[in-house]
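Accompanying notes for the structure given below.
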């Protein structure tokens, strides 16, 4: 018998999905961050363009990657620095990581990174000095701003034009995420950045965690001083970091609880960890040939990210020596000077299709700096890691993966050739590392919505509703003592003390009355006996 109606929900779901595909077109302003930050943000922007939205990207004329191959309106503005200045400051910053690992905000403040960050911060002043561009943005009637908060310029733009904003970030430095979202972060089990602690901290680590929290309040204002001065100049009023971050409508955070430790979250914090992962593509013939030639031993993928172009000669030779002692073929993304002791099993390449190689069944291990992009590609493809973190959240990412048994962490500044060799043999030959990373991969992929689709939904949500005020906690409207209920505690303490005082006075009065009466009785009794 022919069916006269839909008895299955599948056609209805397909119909709804198709209907959702035709979103009501909006107008979005994008203020991105250069470098690797742009790679994943670009995927969201491209999908929003495909869904029919009018997207305008505002970027400096001097940049590495911004705005390339985008089918949308790109508005540029001149900067006070050249590409050579940018490259020089970045190289100084990158080279400094091979001298000492930054594990406190005080050492970061004293390091050479200040010049690099201040260069990035300065371009926002250039944006607002372009009066023609500012006038264009003012007249464009955008629905929202999609921004990377690293250099604060997107936050300044959102506040200047009074637009709802969607923040796109792995995490936020200092205490700005907790303050901006009014999200609690108990220091007893939520480790601060740079420390590389797990959520099961010893007493000594908890003490250090509290000290780091104090450091954030002491030194972050100095670290962000240049950005806040520019913001105050543009907005023509004194501005704090809280003033900028607290108006965020939605926080799109490139993490999840497969990588991160469980902790409190707020309703406007959306987790899109793994958004950079994608289905593996066929490998270029060159790399397919390398894999075929590797035989049964397979390959090891080695990349320290775009940040590292040169490794000190002595360290590079120690690494090359270790790589030559394993039977696998090593594909090493490296643009520096070729180590003189490079073994036949190690192939240097200037670029490699990292995600596609990690997705190949012959890949045995991944040597990485533990940047969030690489870590998630490793999780998605189920490849155990040897992690050599250098800076920022890399130490924290590495600790999280090591805690979960998915890899081994080495101190790249102190490790020897034997350390790297032993770590590689451990993650390749010990099946527990592969089993653990496959378990994490299964957990990560078991989700109702893909991270990219989730990110696109929330950007469109903010565009449709002009923000998300219903998700904004009332904590933003409280003073610090109200937030911590110090006024309530003080009131209740006063009540308890008042009651205790009155009770004490009543008891003392009764006691005196009783003693006085008893004394008179005794006195009367004595007089009668005489």
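The first residue you see is number 1, and the count goes up from there.
Glycine residues also receive a Cβ, built from the backbone N, Cα and C atoms like all the rest.
Look at residue 71 (N-linked glycosylation site): DSSP puts it in coil. Neighbours of residue 71 (N-linked glycosylation site), defined as other CB atoms within 10 A of its CB across all chains, total 10. Sequence annotations record features per position, and here Swiss-Prot assigns N-linked glycosylation site to 71 (among others).
Residue density at residue 292 (N-linked glycosylation site): 10 other Cβ atoms are found within 10 A of its Cβ, drawing on all protein chains shown. The secondary structure of residue 292 (N-linked glycosylation site), as reduced to three states from DSSP, is helical. Per Swiss-Prot, the feature N-linked glycosylation site maps to 292 (among others); the stated evidence is experimental evidence.
Cβ contacts within 10 Å of residue 344 (N-linked glycosylation site), excluding its own Cβ and spanning all protein chains shown: 7. Per Swiss-Prot, N-linked glycosylation site is recorded for 344 (among others), and the stated evidence type is experimental evidence.
Per Swiss-Prot, signal peptide is recorded for 1-25, and the stated evidence type is sequence analysis.
If you look up Swiss-Prot, you'll see 488-504 marked as transmembrane segment, on the strength of sequence analysis.
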Worksheet entry | Length of the line joining the Cα atoms of residue 344 (N-linked glycosylation site) and residue 292 (N-linked glycosylation site), in Å | 15
Worksheet item: What does DSSP assign residue 344 (N-linked glycosylation site), in three states?
Response: coil
Worksheet, complete the sentence: Rounded to a whole number of Å, the separation of the Cα atoms of residue 71 (N-linked glycosylation site) and residue 292 (N-linked glycosylation site) comes to 38
